[in-house]
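Student: First, the structure itself, so that you have it in front of you.
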Amino acid sequence: MPVLRGFLWLLGFLLLGESVVVLGQIPVSGGVAGMLLMTAWLLQRGCLNPDIAAASQPLIQMLAMLIMPGVVGVFFIVDDFAGQWLAVGVALIAGTLLSVLTTFWLMCRFMPRNGDQDD
Amino acid sequence: MTETVIDLRDHLLASPLLAITVTLAAYLAGMRIFERLGRPGWCPAVLVAALLVATSLALLGISYDEYRQGAAWLMLLLGPATVALGIPLYQQRHHIQALWKPILLSLPPAAMLASLYSVALAWILGARPDVMASLAPKSVTAPIAIGITEQLGGSVALMMGGLLITGVMTTLTVGPLAAWLGIKDPRIIGFVLGVNGHAIGTVRAFELGSTAGAFASLGMSLTGILTALLLPLAWQLLGL
């Protein structure tokens with residue numbers, strides 16, 4: 001039952017995250033808060049509980065399927081955003097080109113040069 | 001005869017099982033087609049699968065709203081899956097410890113600009129506020145981006161489309177741009193793929209090698225967290 005025990009841990013941290021977000025009125029989703037709490041807890045403990053690893057690996061692998069209902073929506077919104085598509089296209093294509101260039105520039109500027117390219 | 005078929009369809013639609021079955025079947029079939037096509041970089045596997053769902057819905061005469069109500073049960077798992085993203089982040093801690101300085105200096109501006117460029121371009125071209133809210137998390141991994149878009153008042157469907165185009169654009173441009181700039185360091189190339197191209201970029205980075213993949217998943221997680229923390233605040237300050 002390691003997967004079930006691990007899933008219970010994940011749900012526990014998710015509910016904890018939801019509670020922190022609601023009580024603290026923080027504009028972050030409960031999932032992100034739960035993830036940060038989980039990471040902080042693991043860092044503080046210094047070791048990974050095998051139950052949590054057993055539950056999180058399959059969940060992460062099926063992420064693409066879990067987001068699919070949202071992706072399907074893309075085919076049904078063409079009319080909802082009539083007249084907006086030029087702005088959307090330019091923002092996505094030019095915006096991504098600019099941000100890729102900026103990230104390259106920033107990383108080259110700050111990354112220390114060393115030779116441990118182990119691939 | 002047709003009446004019985006319609007009755008059966010209504011009966012099956014009353015529970016989320018049909019929507020979940022369609023999603024699962026389309027996902028597995030989509031992955032298969034994607035492999036058969038030779039894993040094309042310009043067409044993410046999830047888009048092939050989504051196209052199959054849309055086609056099935058049209059053939060079965062199911063509206064998107066009916067489908068979404070059922071599939072919402074599947075998306076409920078996104079909550080624990082988002083929490084689970086903390087585990088790979090924890091496993092990357094030695095990279096963060098070794099390179100915290102370049103990461104701290106380059107990641108926050110890179111993640112913020114990835115969002116700002118597209119919002120600014122959309123604003124200049126007269127986009128509606130809900131369109132800008134849907135474009136803002138375009139470089140964030142989908143489970144986190146869904147939460148951000150809902151908070152900003154954007155459309156999840158439009159955001160998903162933006163996410164796919166951004167991921168594809170990133171994987172297509174990073175290689176040629178790296179060659180043009182003379183960059184060969186797999187840490188930098190991986191990081192750029194993860195920060196800008198979220199999960200789609202990270203998959204591409206793992207094809208380039210394990211170092212590039214590790215840095216891509218690190219860049220993806222940190223961009224997601226940082227954007228989730230800062231974007232809603234920035235939105236409030238801008239009064240959008």
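Note that Cβ sites are derived from N, Cα and C of the backbone, with glycine treated the same way.
TrEMBL annotations: computationally assigned, not manually curated.
What TrEMBL lists as transmembrane segment is B:12-30, B:42-64, B:70-90, B:102-125, B:156-181, B:188-206, B:212-235.
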Student: Take a look at B:12-30, B:42-64, B:156-181, B:188-206 and tell me which one has the most Cβ pairs under 8 Å to the transmembrane segment (B:70-90).
Tutor: B:12-30
Student: Would you kindly list the residues that approach the transmembrane segment (B:156-181) from elsewhere in its chain, counting only those six or more residues past its ends and only Cβ-Cβ distances under 8 Å?
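Tutor: Sequence-remote neighbours of the transmembrane segment (B:156-181) are 41-44, 46-47, 118, 131, 134-135, 137-140, 142, 145-146, 149-150, 188-189, 192-193, 196-201, 204.
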